[in-house]
Amino acid sequence: MNASRVLSEAEGTSAGGHALMTLTDVHAYIGRSHILNGVSFDVTAGQVTTIVGRNGVGKTSTLRSILGLMRRTGAIRLDGRDLAGLETHEIARLGVGYVPEDRDVFHGLTIAENLRLAERRGTAPDYDRVFELFPELKTRAGQRAGTLSGGQQQMLSLGRALLNENRLLLIDEPTKGLAPRLVREVVDTLARVASSASILLVEQSLAAARRLSDTVVVLSEGRVATRGPAAEILADEASMRRHLGVGES
Amino acid sequence: MDTFTLIALSGLGLGALYFLLASGLSLIFGLMRVLSFAHGAFLTVAAFASWTVLRHAAAPSLGLLLVAVLVSSVAAGILALVTELTIIRPLKGKVLEQLLATAGLGLALVALLAAIWGPDEHMIPQPGWVTSTTQVAGAPIPNTRFLLIGAAAVTMVVIQACLSRTRAGLVIRAGVENAEMVAALGIDVKRSFTAVFTAGGMLAGLGGALAGSYYGGVSPYLGDQMLIFAFIVLIIGGLGSVQGALIAAVVLGLAQSLANYYVQNGVGDILVVALLVVTLLVRPQGLLGQKDRLV
Amino acid sequence: MVRTLAPAAVVVLLALAPYSDLSVGGLLPGAVNSTGSLQLLALMFVAAATAITLDLMFGYTGLLSFGHALYFGFGCYSTVILSNIGGLGFTLGLPLAMLLTFTVALVGNAASLRLTGIGFSMATLALAQALSIAVERGFLRSGGEVGVTYGLDVLPAPFVGIVNTRNTYWLALALLVAVYALVGFAVRTEAGHVWQAIRENPLRTGVLGYNVYASQLASGTIACTLAGACGAVYSIVMGGANPSIVVLGYSLSLVLMVVLGGRGVIWGAVVGGFVYTYLNERLTAVSDSGAVSALPHVIRAPLSQPNFILGTVFVLVILFLPGGLASLFRTRSHDPVDAPQPRKSVLVGDTEQGA
């Protein structure tokens, strides 16, 4: 057992389950700007860990650092394996699914092609699960993703990540910019997915975060301000106002 | 009317050459954001390869020409492959450095060719069919024109088929939109980069062999002149769009040849530049390009 | 002190060179004050000055031009052609040519700057190509492949003839010093700081309330007009204009000089211009020398091609010495970090994606 694991468990942040992913003193950079200033936390297997914080504190950068999409230092371990030096596609193949902030579906490709692209060699794609969660992806298979609504694109982006049996899902602001009805729908779906997956979520909506999270990590200026069980952290209204700026949403 | 047909078909042949160079550049730029200044030199190397195959044949057969075309494409493809692995890939993410490095490579390659075979033009023997003419609407058209137009058409069809029907094509189309997301799906985009750069080199090679036929000879400076016009085709068509490159190549080839013949030699060349300037001012993303490409 | 004294000492030494008949063992075509040596040095000064003007755009403002030869060439050709017109002569031809160059620089930059990034580079390439074609075809009395030379008695007497080579040498040196001082001053003004901010991040500079387009236009117009002045001096050194200075290859070689020396460092551009021009002019002579001609043809032939060596060195510098030759003499902390910001859809180590 390595030092970081000992440390994080000694601090007692992870309740139940083992630490699926451990971030230890992660620093990340964009050009000359220092974006993450030593971020450390665990993602517990089988749980939803949610990162909250104001715009620009490094939430998206944390996910991108995990995927090796940013220049970073520090240790990031998945099931004990250090991801340092691995390239993005290698990290993804270890079983990391990514649903980016702007959905990033491929606009010029059809839904079917978007999904086909996500198939990984060596593992059988689980189309049944995807079509059960999002029947529309089947009925609109031939439609270009660029012509889909925001909600539909979000479903496609989620479906793309769920096509494979991933160990960890990185989901970035899945409800951003969606109509309230769609927000409910997406949150419901995520709740279903969460019952059988480990998720590291970035979420601005406190309501959604409350509904989905087991553990919450609050980021502030590139550092972890506080972390702990979701019920506890999200209930502290003063702290939430301080760290999120806005109150309820 | 006869003259017009001849000039127009010659213009299309020229456009076909531009397209062979520009289509590869377009794919490369679309996927990798690299504008390769070395592709002109790749074309020239290929033309010399073709000359090496054909030079000793008094009257080469069509079969030998085909061999020359294959050898040229493969030679340029290998050159492009080595370039990608040793120069482009180590400079990953530094688009400016990649561009400059290809410019340096192009310079060195052309100088090397001049050192080996001298700066002057070498005649390339052609099969009888290629140098003879076919009557079209009463005008005798050199068969090279059909060879070029045919090659460009086949190239376009093959590119389209690869892009739309193969998994590699799927990865390329997705990578053109967002290479990062493709990698995040677990796909090794670097391999696509290498493949596309190599394929672009092979297309330049094909262009080189055919340019040798079109002009009947090769000099070390053949490719650089073509490269400038291929760049213009690329920009007018829209960076990253193969269809755009096709349209622009046809329009420019025709406009250039017709103006050079009917107005004054040289005016066509300037017209092409003028068309580029107009495009840049009126529609900077080009005919079929996407706006965010020109960041 | 060293920073100001060292260049001053170099300039004084160079200014005294025409009085030295030292022979520097084959490095120069002859003794230092021989016509060939002074001519070579003058060409190196002009190239260095021109490289500085490109560095102002590329190194300091982040505008990569593939068409700098347009302005150098235009300055050169227009000075010669206008001076040769009967009524004008050199005294009227030169100022008129510079005025025209300024206008072309203003209009050319105003148009090219409507595009950013690679689009700008391509626009500059295209504009320069128009001049290149016009010259190649001999439009506007440019003489086609041969070029044009000054007519009899057009140039002021002190700059004519082999006996006066030292005068053109001093003229070229004066040009280099003037351009160095001007650009060195310009980049230290407030406008100069804005240019460098634009190089680092045009978007943020715009958000801070600076007019990015106007700043770039100023930088580009100054740089290109100065390049035109360099072209005029070139025409005096060479006694005319020739098409080799308007082709794409010349624009590329200017970029090469700046990158070789180290972009964003003025004396880097000088070093780059010196090294490039020296190698370009001397390699052929060196390859004819005893040591090299003994080598087998396979090795000798490429060595006799300056562009082979220069292109190879250039690629190696980009791969292994990103800061150029200047970075060899600078401490790391002063390195200009001007790696271009990669775009989102290119797979890279870091991107501009928000945090």
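The backbone N, Cα and C atoms fix where each Cβ goes, and this holds for glycine too.
As written in TrEMBL, here are the features:
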REGION    C:333-355  region 'Disordered'
TRANSMEM  C:38-56  transmembrane segment
TRANSMEM  C:63-82  transmembrane segment
TRANSMEM  C:115-135  transmembrane segment
TRANSMEM  C:168-187  transmembrane segment
TRANSMEM  C:208-234  transmembrane segment
TRANSMEM  C:254-279  transmembrane segment
TRANSMEM  C:308-329  transmembrane segment
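When each of C:38-56, C:115-135, C:208-234, C:308-329 is checked for Cβ pairs under 8 Å to the transmembrane segment (C:168-187), C:38-56 comes out on top. Most Cβ pairs under 8 Å with the transmembrane segment (C:208-234) belong to C:63-82, among the candidate stretches C:38-56, C:63-82, C:254-279, C:308-329. Of the ranges C:38-56, C:115-135, C:254-279, C:308-329, the one with the most Cβ pairs under 8 Å to the transmembrane segment (C:63-82) is C:115-135. Taking Cβ pairs closer than 8 Å, the transmembrane segment (C:38-56) reaches residues 14, 17-18, 28-29, 32, 65, 68, 72, 165-166, 168-169, 171-173, 175-176, 178-180, 183, 186-187, 195, 219, 222-224, 226-227, 230-231, 233-234, 237, 254-255, 257-258, 261, 263-266, 268-274, 276-278, 281-282 in its own chain, all 6 or more past its ends.
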